[in-house]
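Enquirer: As annotated by Swiss-Prot, active site, proton donor applies to Glu1068, Glu1540, with the evidence given as similarity to another entry. Taken from Swiss-Prot, the feature N-linked glycosylation site covers Asn826, Asn937, Asn949, Asn992, Asn1014, Asn1038, Asn1176, Asn1421, Asn1658, Asn1674, Asn1763, Asn1816 (among others). The region 'Glycosyl hydrolase-1 2' annotation in Swiss-Prot covers 364-858, and the record cites similarity to another entry as its basis. If you look up Swiss-Prot, you'll see 1375-1848 marked as region 'Glycosyl hydrolase-1 4'. According to Swiss-Prot, the feature region 'Required for homodimerization and transport to the plasma membrane' maps to 1649-1931. According to Swiss-Prot, the feature topological domain 'Cytoplasmic' maps to 1908-1931.
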Amino acid sequence: MELAWHLVLIVLLSFSCWGLDWDSDKNFISAAGPLTNNLLHNLRDPLGNQDPPFVAEDEEIYVCRQPLPAFLPEYFRSVRASMITHYKVFLPWAQLLPEGISENPDKGTVLCYRQLLEALKTAQLQPLVVLHHQTLPASTLQRTEAFADLFAAYASFAFRSFGDLVEIWFTFSDLERVITKLPHQESRSSRLQILTDAHRKAYEIYQEKYAAQGGKLSVVLQAEMVSKLLLEPSTSVLVKDAVDFVSLDLSYECHNEADLPQKLSELQTIEPKVKVFIFSLKLQNCLSTGNDIAQLLFGLLKAINEDQVLVVGFDISTFLSCPSSSKKSWACSLSDSLTLQTALQLGPDTAAYAWPPCSAYQRVWEAFANQSKAERDAFLQDVFPEGFLWGVSTGAFNVEGGWAEDGRGPSIWDRVGHQNTIKGQATPEVASDSYHKVDTDVALLRGLQAQVYKFSISWSRIFPTGQGHNPNPRGVAYYNKLIDSLLDSHIEPMATLFHWDLPQALQDRGGWQSEDVVDAFLDYAAFCFSTFGDRVKLWVTFHEPWVMSYAGYGTGQHAPGISDPGVASFKKVAHMVLKAHAKAWHLYNSHHRPQQQGRVGIVLNSDWAEPLSPERPEDLRAAERFLHFMLGWFAHPIFVDGDYPAALRAQIQQMNKQCPSPVAQLPEFTEAEKQLLKGSADFLGLSHYTSRLVSTAQGDTCIPSYDTIGGFSQHIDPMWPQTASSWIRVVPWGIRRLLKFVSLEYTKGKVPIYLAGNGMPIGESEDLIDDSLRVDYFNQYINEVLKAIKEDSVAVQSYVARSFIDGFEGPSGYSQRFGLYHVNFNDSSRPRTARKSAYFFTSMIEKNGFLNKVVKRQSSPGIANIPRKIRAFTFPSEVPSKAKVVWEKFSNQPKFERDLFYHGTFRDDFLWGVSSSAYQIEGAWDADGKGPSIWDNFTHTPGSNVKDNATGDVACDSYNHLDADLNMLQALKVKAYRFSISWSRIFPTGRNTSVNTHGVDYYNKLINGLVENNISPMVTLFHWDLPQALQDIGGWENPSLIDLFNSYADFCFQTFGDRVKFWMTFNEPTYQAWLGYGSGEFPPNVNDPGWGPYRIGHTIIKAHARVYHTYDEKYRQEQKGVISLSLSSHWAEPQSLVPRDVEAADRMLQFSLGWFAHPIFRNGDYPDAMKWKVGNRSELQHLATSRLPSFTEEEKRYIAATADVFCLNTYSSRIVQHTTPRLNPPSYTSDQELLEWEDTSWPATAMNRAAAWGTRRLLNWIKEEYGDIPVYITENGVGLTDPELEDTDRIFYHKTYINEALKAYRLDGVNLRGYAAWSLMDNFEWLNGYTVKFGLYHVDFNDVNRSRTARASARYYTEVITNNGMPLSKEDEFLYGQFPKDFIWSAATAAYQIEGAWRADGKGLSIWDTFSHTPLKVENNDTGDVACDSYHKIAEDLVALQTLGVTHYRLSISWTRILPDGTNKYVNEAGLNYYVRLIDTLLAANIQPQVTIYHWDLPQALQDVGGWENETIVQRFKEYAEVLFQRLGDKVKFWITLNEPYVVANQGYGYGTAAPGISFRPGTAPYIVGHNLIKAHAEVWHLYNDVYRARQGGIISITISSDWAEPRDPSNQEDVEAARRYVQFMGGWFAHPIFKNGDYPEVMKTRIRDRSLAEGLNKSRLPEFTESEKRRINGTYDFFGFNHYTTVLAYNLNYASWISSFDADRGVASITDRSWPDSGSFWLKMTPFGFRRILNWLKEEYNNPPIYVTENGVSHRGEANLNDTSRIYYLRSYINEALKALQDKVDLRGYTVWTLMDNFEWATGFSDKFGLHFVNYTDPALPRIPRESAKVYASIIRCRGFPDPAAGPHACLQQEDAEPTASPASPVSQKIQFLGLRLSTTEAQTALNVLFAFMLLGVCGVAFLSYKYFKHSKQKHTQPGEHELSHRSSF
């Protein structure tokens, strides 16, 4: 019987060939069992004679008893290894429920059976559980009538007790036997009915209560009973209604071939069709030879096939037997059998019993080998299944960059990249910089419409050393942001744990050749599952491990560059990877799947292999072997049997036998490892690129190589098209064949296939945008995938294209571009530009295949809650209008208040959009029947004055690139797209008799594309491009155009109105009328400034009204849209608030906005201001009538209220002043009687200066003038001449303008509903041609494809849309809390800035004395000769300090006041005595002195000998310090050696803007000075530490200053590095040597050295410290004294190599954000957030030293400004950020404000005022007057921070509010303040009475006007949400 067993196993292997199946997720059932007592006896005695080990006849069935036999687990594993999938278990009803009731079970028996079932599950055997087989409980025999209920109760008990372990149940296995056991007083039919009822009840209970267990239930029937049971409805339930499948007890007569078909044919009568399981098969009259068994098996299969009975499995026990001599195992495994070929030869010869082909490869080959080329390449027009996933992929090391950012550790690819072995010496350091571009990449994915994004996690970014102990939080944050952003955009993340980039630290320990890496990978995987698994539901453990094994450890072409194919690759790496994968899968399966419900798989790569010579069997075998070596190496252990393919092992064994020494070693898996591996994937990810022709290896060689070991050689067909990669040829049909092979060999329809990588590269020399070859590649390959699904039934569930963007491609560097998006690696911002293939791929996703999508007309997203025909006012506007209140409210705002940034959000349904217009973007000027427009005619006419003679012939070519435009809109996340329709594209002649269907189709496609993506179309009917045919009959001067325009509009409403819900009739008619018919600059170039604009405007208003009524009457009810027109205006700000200028400003608005708005939104007529001015000037010009036409009363009624919303285009502001212009010649501009100009302080742009604050005022004016009408800003943007993608100025523009709109909405109640940025992309900007760029997207007009690339502003605008405004970030929220009790509060000054007395009492000259007395050095020629005269005002200064309540006072010592010549030869006692008195006074007032030894005022005598450039200064400084320690050290316990050495070195000796004013050695002097300053500090620190610390007990350190720097573009690696460099060169220059390692920062040393050498020098200009100096300098601090004021935006700036300066060495340029509040100092912007960030940077960079903020403050200019709100804002904000830093665990010990009082601010003299106290320099007494900020600072000190108002009033704040009470004896003044006048009480009483009378009249007037007002309108006021009004919104 040994051969028979082998044949059975072969048959089992062949079931997939026959198509026998259960369903899509369960294996075919091959059953054995149950356990019997005889079987257990034989298993206990393996040396004795034994029966077949899994055969069980009806001998006594084993009843479970504890403990279970110890050998059972091993036995079950051997059973499973023999391809048996299920095992029968018979439950003993009587033993489980001895009393017959489920309430009292035998718990021991229950536990025993659970253990038995668990043992089966552990062995991966599924239990087949029979509820009852033989013995009935006694209780059932006594109550036959209750049998059904008792059995149902027992069944319920069993389901409940074992259901979690059982999937298949049988109620009875032998009905006849049970019938005989029941009492015989009942008839047989009655007893059968009892059993039927019992079964039915059990089935119903399972379905009702236990269906969630997912199991199936049946009853075993004898085949002969089926037809009888079906005859009786009462028993037919046993066959079809109460079973999930039919289970048969079947006997087979071997000599009667018709026996089995006859029995099975009866099952065909059952409807609906049922599945059949052969529970037991009894053979009769059968021989036991292999030949007969083979005939029997295949006869059985033939019978099943012929009768089309769906057999889901059967009992194979009858066939199983091993020879009695077999002692080695309990089961005969397939590996022990004869070869398949031998078995086939032993089979029968008859055709009826032909052996099924069992080689998956052979079956695929035979299926496709004979295809004709036409048949093979036939294109399938069909779609993919619903739910098919489309995506793109990347790998971390390919795209992320940021190789050393934020704590990431190096990977093996970083190491290889730095070895200069990559093509072009490329490295992955920056790559595509995706680490900084999450928002950019996700936007592109949105535009692409990707449904899944496959990316990999950089192991070393999470665990820098690879070990899972300390995860890198910033790396984790990056992936959290990426995953969250993907999900927010409805993109499924598919995360790969390992994509070839092993942490270098692990490679140093052996890499994948070490078992340790498996454990490390498991820790890493566990962390990822735990951290990201709540959102990631698709996991890939390894990406293409074959590549890593083959190229990384075999050929050495990939990292880590090891060339050892025989041992490292085969023996170690692949083996470790497989074990790591399996362990990770089981980890997820056991610990994470229940909660996370995700799937874990692996991505394997494989080429398809065809035999080179199909007629040669050896080539056929070689091709199959190739697949086993490439794909089966990893797939076979995971998806088949837990072990390597037999072909792989046999080939290696054969090679090793042929060679004198082994060429390869294939390790063995233990049985446990095999069980771990088998089935350890929820899906098979497959990547495929190309195919190979394979032949058997020629010649004998023992040189180890992949091909040699495999015994094959690879070839290509020269006819296969080439790609940029030598290894990829285009062979589309290979992917279909590979998928079929994978399905047959590995997945068998049970495991889904995810196609996870397919694509081809283009080369650097090819067209980088037009990748038509790749489009063809995708088109063909995707179609072959579709064939595999539709025609071959392969379960492919996704297609993921490689690659999303260009990236680092390993050995080929950046020379091969796989991306759908081109990345410009020559640009530091790494911009991405969509290729043609991106748009093709999007079309595939949209259509889900290859059939043109049936367009279902969807309704556009509605415009929310627009009231109809709002008419707030029906009376004309006054002159000046009541809207003048806007100027009264806003024009006196201080600049700080005006510009302060406001945080909040817009209404939930706010409509965010972008704008464009037809002529500016469409191009295709004469394509597809379009007629010419006036702009076509104009631009084609010589002398048109369009810059560069540009035309709109092609423009952005949007007519031919609709897919690109939709891609951008989706990426932006806009909710609306405002575009215009080209009248001449719809009606070429302008008339409805000439409809152009091609043009209509274009707009239908555009509108459908928008609506499908939930983007509302906002359509402008006319945007200046009148059909030339209509211009030829007079254009807008011809009244017939009103009807023609209405006809055109009617057609558009009828054709597009079902989807367009927002219409605008005209765009900016003011410009249309003036520029086209006034100045004549625009076509039709009519120069008639006095009459033309008014005539045209008149026609336009009537045309608009006509169209409005057409829509209102014919379409509105059905289409439910809104209609208006877009009006434009700058804001008009009066030069002064004198009435004539205010009237002029109002008049400017009436002549621009009011010209069209007043008739439409008010009373149907022009504004009086316009009528009066034009009328009066016409009369003065002796004209009979006004040049402004008039409307009839009927026309007024027709025009009034013909707009549903107010659409506004605005860009800038103007300063306006009244003037009286000349009368002639008449002109629209002169009629306004005003002058207008832009303030030169406003930021310049290409066309208008930016004045964002005007937007808020203009919106308020509209509200006041036209009522509470919904307002949409339909154009707002900025033109720049710079085409760069880093358009920071545009970001600032939109940021500030949108913020002003937000203020108008939230603070002023303007009913603002939407905002559309101008413009989507660069376009034809009228007379400016293409020289001015307004686009959020750059368009390359030199590229025939007009490629579009997102600018930085696009990313910013998307961020605003995502946030629906500008909400306050969590980081910026105000923090309430207190500082520690011992926190130091201080105020600072400096000697030269306040003392004065410059020559008093023997003081010597300092360099600042000299500098300030040098012409043109200090603003206003100010000096510090007197300053605040603090030398004589100790008492006054003390009062100021006591007002603040500070605990400390930071002052500096004037070196020359102590040592007049700078040396210790003479000590000036008078000067020293001043400091003694000052310090004693402080101490007496309980104020501790913080003394700065040097604050920039070097003795001039020392400067005369070189100053800080002379190394002797180190000793002079030490001597000076020692004098101070000796004389003052007993009083002073807080010393600062130097203040801001950066300023001393760079500004004093580099720029020359500070004393001593040296600027001619900027590349050397600052570094020499800095060098000496550091050494001087160190020597003084050591002096104090060694000599004075012990007895004086003080602390000493240095004060270092630094701005914080943010990258200008955080997504640009160069900017990130520039910001880091800025801080290191400023703060790190001095901090690094002292606080870190005694030497300069590495970046300083490297850059200065490199630039010095580039200049031709032989060494660096930066001096070097000796090793002993480094040791002496390092650690010379007790605290970190830190001065900080502001933040900058930094970006890289490369200076010419010949420029030698600090700035050139640093290579950084800096700017500031326009939204940051100004101060009185040009260099100081208020940026509180930077304070917290730089404090945290100090903590991280210098190991959290104790930090004292020794200066922080803000300046103003101008008047005394006692109510210094800007300083209050600054102090509260900055100190609050310091409190947050404390919360961040920064060791912050104290805060010092700069400054106590106004003083001499160096080169700005007394102009910059930093003081909390105002010093009146015009008063000889120089009084110190506290500002409001002094009170606020005192309050903060008193409260130790910021008490939470939610906790109620705090005592510290109540002190602030207390007012002094006047003494009774105090005289009371008889004069009182009344309305700004000092009056007697009698005078005030009289005045009050008069005012009261006036007030009564006013109240009556207001009441009357209110009545009239509310009668005509309803006002709605939007109230700002309290939660959005931060402390910053108080203005």
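Backbone N, Cα and C atoms are what each Cβ position is placed from, and that goes for glycine too.
Locate each feature and note its surroundings.
Expert: Secondary structure at Glu1068 (active site, proton donor), taken from DSSP and collapsed to helix, strand or coil, is coil. All chains included, 23 other C-beta atoms sit within 10 angstroms of the C-beta of Glu1068 (active site, proton donor).
Under the three-state DSSP scheme, Glu1540 (active site, proton donor) falls in the coil class. Same-chain residues at least 6 positions away in sequence with a Cβ under 8 Å from that of Glu1540 (active site, proton donor) are, in sequence order, Trp1496, Thr1599, Ile1600, Ser1601, Asn1683.
Take the CB of Asn826 (N-linked glycosylation site) and look out to 10 A: across all protein chains shown you find 7 other CB atoms.
The secondary structure of Asn937 (N-linked glycosylation site), as reduced to three states from DSSP, is helical. Around the Cβ of Asn937 (N-linked glycosylation site), a 10 Å sphere holds 17 further Cβ atoms from the protein chains shown.
Taken residue by residue with DSSP, Asn949 (N-linked glycosylation site) is part of a helix.
Secondary structure from DSSP puts Asn992 (N-linked glycosylation site) in coil. Taking a C-beta cut-off of under 8 Å and a sequence gap of six or more, Asn992 (N-linked glycosylation site) has these contacts in its own chain: Ser1047, Tyr1048, Asp1050, Phe1051.
Taken residue by residue with DSSP, Asn1014 (N-linked glycosylation site) is part of neither helix nor strand, so it is coil.
Under 8 Å, Cβ to Cβ, and six or more positions away along its own chain, Asn1038 (N-linked glycosylation site) finds Leu1030.
DSSP gives Asn1176 (N-linked glycosylation site) a helix state.
Sequence-distant contacts (6 or more apart, same chain, Cβ under 8 Å) of Asn1421 (N-linked glycosylation site) comprise Pro1415, Gly1805. Asn1421 (N-linked glycosylation site) falls within a helix when secondary structure is assigned with DSSP.
In this chain, none of the residues that are 6 or more apart from Asn1658 (N-linked glycosylation site) has a CB less than 8 Å from its CB.
Under the DSSP three-state reduction, Asn1674 (N-linked glycosylation site) is assigned to coil, being neither helix nor strand.
A 10 Å cutoff on Cβ-Cβ distances gives Asn1763 (N-linked glycosylation site) a total of 12 other Cβ atoms nearby, all chains included.
Close to Asn1816 (N-linked glycosylation site) in the fold, though at least 6 residues off in sequence, lie Ala1760, Leu1822, Pro1823, Ile1825, each with a CB less than 8 Å from its CB. Secondary structure at Asn1816 (N-linked glycosylation site), as computed by DSSP, is coil.
When averaged over the region 'Glycosyl hydrolase-1 2' (364-858), pLDDT in the model lands at 96.
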Enquirer: Between Glu1068 (active site, proton donor) and Asn937 (N-linked glycosylation site), what is the CA-CA distance rounded to a whole number of Å?
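Expert: So the alpha carbons of Glu1068 (active site, proton donor) and Asn937 (N-linked glycosylation site) sit roughly 21 Å from each other.
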Enquirer: What Cα-Cα separation, expressed in whole Å, is found between Asn1014 (N-linked glycosylation site) and Asn1176 (N-linked glycosylation site)?
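Expert: Asn1014 (N-linked glycosylation site) to Asn1176 (N-linked glycosylation site), Cα-Cα distance: 52 Å.
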Enquirer: Here's one to test understanding: among the glycosylation sites Asn826, Asn949, Asn1176, Asn1763, whose C-alpha is closest in space to the C-alpha of Asn1674 (N-linked glycosylation site)?
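Expert: When the Cα distances are compared, Asn826 comes out closest.
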Enquirer: Under a criterion of Cβ-Cβ distance under 8 Å and sequence separation of at least 6, what residues of the same chain contact Asn949 (N-linked glycosylation site)?
Expert: Thr939, Gly1329
Enquirer: Among Asn1014, Asn1176, Asn1674, all listed as glycosylation sites, which has the most CB atoms within 10 Å of its CB?
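Expert: Top count of Cβ atoms within 10 Å goes to Asn1674.
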Enquirer: Quick one: Cα separation, Asn1176 (N-linked glycosylation site) versus Asn937 (N-linked glycosylation site), in Å?
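Expert: Pair distance, Cα basis, whole Å: 38 Å.
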Enquirer: Could you tell me which three-state DSSP class Asn1763 (N-linked glycosylation site) falls into?
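Expert: DSSP assigns Asn1763 (N-linked glycosylation site) to coil.
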Enquirer: Which whole-number value in Å describes the distance between the Cα atoms of Asn826 (N-linked glycosylation site) and Asn937 (N-linked glycosylation site)?
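Expert: Between the alpha carbons of Asn826 (N-linked glycosylation site) and Asn937 (N-linked glycosylation site) there are 41 Å.
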Enquirer: Measuring Cα to Cα, how many angstrom lie between Asn1763 (N-linked glycosylation site) and Asn937 (N-linked glycosylation site)?
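Expert: Spelling it out, the Cα of Asn1763 (N-linked glycosylation site) and the Cα of Asn937 (N-linked glycosylation site) are 62 Å apart.
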